[in-house]
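Peer 1: After the structure tokens below, expect a handful of questions from me.
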Amino acid sequence: MSGRIEYIAGPVVKADLPGAKLYELVFVGEIKLFGEVVRVQGDKAFIQVYEDTTGLRPGEPVVRSGEPLSAWLGPTIIGKIYDGVQRPLKNIEEISKSPFIARGIGYDQAPPLDLKAEFDFKPAVKPGEEVSPGDVLGSVKETELMTHYILYPPLPENAPGVVEWVADGKYKVDDVIARIKTKRGIVEVKMWHKWPVRRPRPFREKLPPVEPLITGVRTIDTMFPIAKGGAAAVPGPFGSGKTVTIRTLSMFAQSRFIIPVLCGERGNEAADALHGLLKLKDPTTGRSLLERTTIIVNTSNMPVAAREASVYMGTTLGEYFRDQGYDVLVLADSTSRWAEAMREVALRIGEMPSEEGYPAYLPTRLAEFYERAGRVVLIGSKERVGSLTIAASVSPPGGDFTEPVTSNTLRFIGAFWPLSPRLAYSRHYPAIDWLAAFSRYVDTVEVWWSKNISTEWRRIRDTLQSLLVKEAELQEIVRILGTEALSEYEKHVLNVAFMIREGFLKQDAFNPVDTPSSPIKQFLLMKAIYAYYEEGMKAIEAGVPAAVLRELETVKRLPRLRMEVTNDVAKEELTKFIESLVSEIRSVLAARKQ
């Protein structure tokens, strides 16, 4: 089960390791650094090391673990901050006695779960009841916001059977809480189990994503929605607002459980994001957001190989909570850093480079990641539904969206929210470019909006989007010939598009009135702008100049509404405003006819 190092090249080690398996977890050197076998040639194994290899030398031992890199899944996950291989950073700090992570800290010193923690276990099954892998055996109240359901692990060795023993009471995480009698023998179930991070957890069938994931961000929810179980990408250059967008989603997205994965970002930026997340409160209960969050941190100065582990680790944790029947959101920031790590390791082990040096399997790895999102019927004897939504930022060098990571990501996602430096530098946030963004979920979530908010939602949304496209065309004419060359109708279109941009798309992420924006507030803000457009068209046809309409008091108030009307009074206040807006435009029209 052991071998010797032959050579070291940065994060990659070649070892003589008979019997090594692909993606097996190994411990490298005298200090037992975490590593993963990424290539096997005969008895030779190429290992990507998840810790700094400085000081390693040929001849040191490499010890096989006999199992793949796996996530530890069970109570005490919630609220933890992990590194890329699921070691709690708080424990590492206590052991290292330094701001920097000491090498060779194993799971024995920093276990991912507190196996000695005690919880009140409440069984959901009785002795004699038939159960299948994936069934809920009981639950523990881990935090005020989250009930942690204990599953009969869907491991390959577990088979359907009959509950032989289960009882309520106080148990440690490592205690046996049930015994299942199967054809293969007795299975003793503990509160926790391991799952290989590269293996997707099983489900019965995938369902169409029909319910929108409400994020409180108007540009996303209304114009380019994402459904629960969908996948989205947020590409953008430096300074365009990717991290703030991800932070806003982590705070206000209506998911029961959220997993931010800070993958390869700058250390000070990650620290700032962490401090922000730790201070955030759940908007519905006022309790700490950490009570329904697990954070994975892997900064740019940490070993590059661990970036890959952190992405898979976050997705596996997300699938685990999905299997409990929750709606889960995984936020990866950013997949470009993961791809760069993949490129470095691939080149170190001598694989043939593809476009821009990335390995030929880059699209495959991206597909494996994004395809783990989905709204699914869970396995087990009772039908339950859970969802895993993935939103990942992409950091293309120089904002070039044609580079391999961004262009390949486009193939596997349903919503694309590109951030524009032009909008960011003009202080328009979120800086999502409405001319380049798209969503494949508009048709599927339309039913939800029609049923819960208004049947007019799709028609008004499509009209506003077409006006933004029309504005871009008219701006070309204005740049060349000036506004004098435009008709009154075209001037009105420009005025309405300005209202859409300033009064709807623009949103202050740090203003409690403006963010989050409830679905009804979003719709009525949109309807108010649509009313200005529709009634204004009738007035212009009767000869009223667009400039006169623009100077009306209610129209002047349109861009400020988002900052003045709170979610709890939005329905009453905005309905009254729309009535007064229509009334004022019609009075101008009536005066014109006289």
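For all residues, glycine too, the Cβ spot is worked out from N, Cα and C.
The ATP binding site feature in Swiss-Prot is assigned to G236, P237, F238, G239, S240, G241, K242, T243; the stated evidence is sequence analysis.
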Peer 1: With Cβ-Cβ distance below 8 Å and at least 6 positions apart along the chain, what are the contacts of S240 (ATP binding site)? List them in sequence order.
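Peer 2: Long-range Cβ contacts: G399, L419, S420, P421, L423, A424, A431.
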Peer 1: Report the same-chain neighbours of G236 (ATP binding site): residues 6+ apart in sequence with Cβ closer than 8 Å to its Cβ, ordered by sequence.
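Peer 2: Once residues fewer than 6 apart are set aside, G236 (ATP binding site) is near K242, S393, V394, S395, P396, G399, P418, L419, S420, P421, A424, A431.
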Peer 1: Whose Cβ, among the binding-site residues P237, G239, G241, has more other Cβ atoms within 10 Å than any of the rest?
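Peer 2: Compared across P237, G239, G241, the most Cβ atoms within 10 Å surround G241.
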Peer 1: Three-state secondary structure of T243 (ATP binding site) from DSSP?
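Peer 2: It is helical.
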Peer 1: Counting all other Cβ atoms within 10 Å across every protein chain shown, which of the binding-site residues F238, K242, T243 scores highest?
Peer 2: K242
